[in-house]
Structure formats: structure tokens, C-alpha cells
Amino acid sequence: MMGNKKIVLAYSGGLDTSVAVKWLTDKGFDVIADCMDVGEGKDLNFIHDKALQVGAVESVVLDCKEEFAKIFVGAALKGNLMYENKYPLVSALSRPLIAQKLVEVAKEKGATAIAHGCTGKGNDQVRFEVAIHSLAPELEVIAPVREWHWAREEEIEYANQNGVPIPADLDNPYSIDMNLWGRAIEAGVLENPWNTCPEDAFFMTNSVENAPNEAEFIEVEFKEGLPIALNGKSLELHEIIKKVNIIAGKHGIGRIDHIENRLVGIKSREFYECPAAITLLKAHKDLEDLTFVRELAHFKPVLENELANLIYNGLWFNPATKALIAYLDETQKVVNGIVKIKLYKGLATPVGRKSTNSLYSEKLATYTAADEFDQAAAVGFIKLWGLPTQVNAQVNLK
């Protein structure tokens, strides 16, 4: 007699994925629950045990924080990545890593399918499924929430009928997604773009009004584009991000209200809390300004925008993304140094920077007697630089 087919479920411990365990079991699958820790701050032991309680045959919990930080957040930092110049790709960065781990567990356990808890309305279904099929085209992907078409009340009724525990925070009016790089908030009163986000929606950040009245200064050291130390203390990247989240969040830094163009064709209203992301991205860009030649400083943002779009749209494993990340790695060889940042009332402001790769020459920039800039050379430069414009004027402005 053949056993049930195995399926690996991306498991969060929430209502949707807990109900999905029972629903998939009823469909004839042996469910392997797979929870990837990318810095949500959840009780992983509780999630592990709950998966078994609701019917999973096996529960896997993976610590992915440093891998998430170095590879995925690392690319975002090196590229100064902001979708639509506003959103630092909080959720979008975690999806390819989660998909990759789901595929690895599926292959290790001999599963024939993978399931996720995304709805049919958002970007994440695309990100997961494109990533999974990029890595393992042979695996079937099932989206229970997309298939069962239940209203929330029907889902709760199904859970009660099948002994699936109802989470204590189910009455939370907001949909939340959180990882090391930030926290996404949507739904509830936020669906009306005129409504101000209530203060009870925030978790990582103080309001500007409640932020300290005194500024705080931090120093972040970078090596090849990535932070390696905070205030002189060497730390793993995920630890630096965690600490900066706390420090910058206290000062009200990182709140973002975004009318976002989703991949699936609709606009959505999203709130984000990204204190570390905003702070570290500003510090990183400031160090690039110190160490990049002009041509690179002007050209790189063009590719940054393309890469942000690729990642937002679920194409992390596309060859174009791989090529652009390789370009970023090449540019970051000179991005070494320390940036001093002022944190005050919602603003993270770089106020000092130094680098062994600095292209800033005080002797060339100064207006004092120490000036080494050859001002006499400017006459010939100006004449040659403006020559095409001058010739055009002589020919056409008659």
C-alpha cells in the first residue's frame, strides 16, 4: 500500500497556514511544516509544536537570519534598493530565501509538492511560485487560501470544527509581515488612503512626537558595502540590523506611507516601519558618494532602479538579477569606511564619514592658501567643454 504524498508547507503559525495543514491533510497529503526564521521575533518553539498539534507529520524550523541578512538584505544595501523610491523591499527580499528553503526541504524529504498561505490578490503568490519553479520546475505548488475562497468567518468555523486553535491576536485589524529589514502593515482602516495610520498599528517605531528630544549619534563601519561594526564593535550583520532597528526606531525613524503599484495590477496602501533599513541605506549611500568616481555615482542608480523592480516582481532567480548583483559586488570593493549618523525626531542624517578609499581631497577642495587646484587650467577646460554648444550657437542662433 502506497503512503500519502508529501507536501512542504511554508508555515507561520497563524490561522491561514494552521487551517491549511488540516485542509491539505484532508486532500491526502502528509504535511511537513517548514518555518524559516528571518527575524520576525516569533516564538519558534511554539510554532514548531503548534504545527504538530494541528496535524503536520513533521515540523522543521530553520534559522535563516544571517543568510537573509548577508545575501538578500546585503544586495539591497549594496544597491540602495527602494521600490518606487520609497519601499525598501521588506517582504520582497525574504520571499526568494523562503522559497529556496522550501525547495531544499522538499528535496531532502522526498516531497512532490510545496504549499504556501498567500491569497490570490497579492504579490507574494507570484514571488513564491516563480521562485519555486525557477529552482525545481518538477514540484507542484498549491495555494490553499487561493483555492478555498472562504470568508474569514467560514475559515474560523472550519478551524473550530476541526480542532485548529484560533490565534489570540486574530482580532488584530491589521495584516502584518515582519522580518529583520522591517515591518509591513496593511488592511483595516488603512485601506482608505485618506485615513491616517493609527498609532496602535506601529510596533518598531516611536512617533516623532514621542521620540527623544535629544539627538543620538551612531557610527557604522562598512567593508565592501556591508556593515561590519556598530559603534566600534564588530558584529554579525543580522545583529547590527537588529540593534539599529531598536536605536533608530526609538527616534521615530523609518515610518513609510506608500501608495504602491502591485505586480498584480492594483494599487495598495501600505505602511512600513523600517528604522534600520532607512538608517543603513542612508549611511551606505553617503559612503558611496565619498568613494565612487563621478561616472559610477551617476550610472549606478539607473541599474539600482531596475534591480529593485526585478526583486519586487519576484524575479530574484532570473539571470538579469544575478547579473546586476554581480555588478553591485564589483562596485562595492571601494565602499569601505565609517559613517557617523545623527538620529533625531524621525531623521537619520549622515554627519561625518571617512574612508581609506576616499576620493575627496581637502587640498583640492579648500579655498585657503593650502589650495593645490590649478585654477589656470580652468580656462582651457571651459573652452573645450563648451565648444559644441558654442558652435551650435554660431550656426543656428542667427
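Cβ from N, Cα, C; glycine included.
Fair warning: this is a prediction, and the values are worked out from it, not measured in the lab.
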Residue in Gly117, Gly120, Gly122 which Swiss-Prot records at the ATP site where Ala10, Tyr11, Ser12, Gly13, Gly14, Leu15, Asp16, Thr17, Ser18 also bind: Gly117
Per Swiss-Prot, Asn123, Arg127, Ser175, Glu260, Tyr272 bind L-citrulline; matching candidate in Tyr87, Tyr158: Tyr87
Fewest-neighbour residue among binding-site residues, criterion Cβ within 10 Å, set Ser12, Asn123, Ser175: Ser175
Under 8 Å by Cβ from Tyr272 (L-citrulline binding site), same chain, sequence gap 6 or more: Tyr87, Pro88, Val90, Gly182, Arg183, Ala184, Ile185, Gly254, Arg255, Ile256, His258
Three-state secondary structure, Arg127 (L-citrulline binding site) (per DSSP): helix
Output field, L-aspartate shell: CB within 8 Å of site CB centroid, site Thr119, Asn123, Asp124 dropped: Cys118, Lys121, Gly122, Gln125, Val126, Arg127, Val264
Other C-beta atoms that fall within 10 angstroms of the C-beta of Arg127 (L-citrulline binding site): 27
